[in-house]
């Protein structure tokens with residue numbers, strides 16, 4: 001008996017030892033894989049791709065959240081309004097006659113439409129107001145921390161949308177999304193411009209980001225409508241909140257936004273008010289606003305027009321913009337390819353896009369069927385793709401050759417340009433249609449785009465500039481800042497001549513440091 005007990009104890013100890021050894025081996029393998037993964041993340045090219053994925057997902061989420069409420073919120077608010085009207089119906093019948101009831105109904109409906117317009121525009125209005133501050137903040141602290149802050153705010157905004165049960169909470173959620181967008185959108189686009197320094201790579205990366213923006217904007221209404229119809233109001237927002245949380249965790253893991261490495265090495269960027277008086281940047285910003293006005297003004301007005309003129313069904317109205325995603329991606333692809341071969345014609349691609357937008361906008365009122373309407377809408381999105389893909393990299397190039405290569409403020413200006421169109425659209429477009437008519441609205445938008453296109457001729461010489469021929473000193477009163485501009489110019493010259501920098505064990509560029517002191 002004792003021998004058997006000893007044998008059993010020995011076998012148990014042996015089994016426990018094997019289990020511990022196996023667990024140790026697995027932990028060692030996990031540690032090795034983690035180390036390999038960390039090494040892969042440190043690879044500059046792989047890290048750039050991961051950063052591009054993080055930014056593109058953030059832009060996708062922001063634009064899906066922007067458009068997903070289109071089929072949800074009006075119907076949900078109408079239900080709330082109906083409940084409130086039903087509760088006070090008896091009191092109105094007692095205190096008013098039939099004619100007064102009709103007047104009250106019209107006033108209530110007008111007030112309801114105004115509430116919808118203000119709710120839709122609140123995101124762009126707050127984003128418009130906050131962008132000058134976030135652009136300066138991004139220039140001071142870097143790109144990764146503002147991106148993480150923006151994702152956190154967007155996560156809470158999405159959760160608030162999911163559980164909001166009155167107009168005030170919906171308005172707060174929409175406004176909070178504008179605050180998050182001001183951080184995430186601006187820092188994300190600026191980070192892409194900073195990581196992709198070659199013009200061809202930068203155009204391609206920004207083109208991918210624009211494709212995600214387009215996909216998010218166009219797929220969100222059917223996505224939200226289907227889930228709202230079959231699963232309720234909360235489900236679409238909960239799905240988006242989960243994706244936002246995942247992207248935030250990826251940002252926290254890969255970018256490490258609370259480390260000080262990037263912030264310590266960043267130069268001082270040009271103040272945003274000085275960028276706003278750069279005539280070339282003003283021309284680009286004006287083009288971005290003008291080309292987005294048709295899209296921003298048609299989104300809140302085209303549904304009623306389709307119901308009145310085409311007797312369109314709800315599914316046709318919901319899918320009106322979805323086919324336009326494909327020409328938008330095609331426009332991005334064509335512009336990226338052309339910009340790689342003929343980079344000096346960026347201004348021409350933008351001007352051509354504005355002419356296409358103008359012509360398409362003018363032909364919208366002539367459409368009599370749903371199939372005919374697809375042509376002009378696809379033309380508008382194709383033209384916007386040409387303008388955005390050509391001019392967003394141009395903004396980074398202008399900062400490189402005329403200012404300091406820090407991109408937060410200049411892309412805050414670009415975001416402001418978009419917000420001007422999308423803040424005015426939900427509030428102003430309906431009033432213009434009511435006072436002047438849908439035809440006059442489209443003709444005015446088309447004419448504005450066609451007339452603005454020649455202004456891009458001013459960018460013709462800018463696109464041919466070289467960093468060594470910077471006009472920065474001509475633009476700014478105090479001239480070049482000295483050390484940083486000198487080092488950047490010398491680095492570009494050495495790259496052009498095929499020379500490499502000498503870097504010591506502390507990561508300091510000795511060659512640049514010696515030359516800069518000699519220069520001083």
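Residue 1 is the first one shown; counting continues down the chain.
Any Cβ shown, glycine's included, is placed from N, Cα and C.
Of the given residue ranges 165-190, 373-398, TrEMBL assigns the label transmembrane segment to 373-398.
Listed ranges 109-132, 205-228, 469-492; the one TrEMBL annotates as transmembrane segment is 205-228. Per TrEMBL, the listed range annotated as transmembrane segment is 50-73 (candidates: 50-73, 74-97).
When the ranges 19-39, 439-459 are checked against TrEMBL, the one recorded as transmembrane segment is 439-459. Counting residues 6+ beyond its ends, the transmembrane segment (234-255) has Cβ neighbours under 8 Å at 41, 47, 50-51, 53-54, 57-58, 61, 64-65, 68, 72, 144, 147-148, 151-152, 154-155, 158-159, 161-163, 223-224, 227-228 in the same chain. Sequence-distant contacts of the transmembrane segment (439-459) (same chain, at least 6 residues past either end, Cβ-Cβ under 8 Å): 279-280, 283-284, 286-287, 290-291, 293-294, 297-298, 301, 346-348, 350-352, 354-355, 357-362, 364-365, 383, 394, 429, 432-433. In summary, the transmembrane segment (410-433) does not lie against the transmembrane segment (205-228): fewer than three C-beta pairs, each 6 or more positions apart in sequence, are under 8 Å.
In this chain, the transmembrane segment (373-398) lies apart from the transmembrane segment (50-73): fewer than three C-beta pairs between them fall below 8 angstroms, excluding pairs fewer than 6 positions apart. The stretches the transmembrane segment (145-164) and the transmembrane segment (50-73) are in mutual contact, each linked to the other by at least three Cβ pairs under 8 Å (pairs 6 or more apart in sequence).
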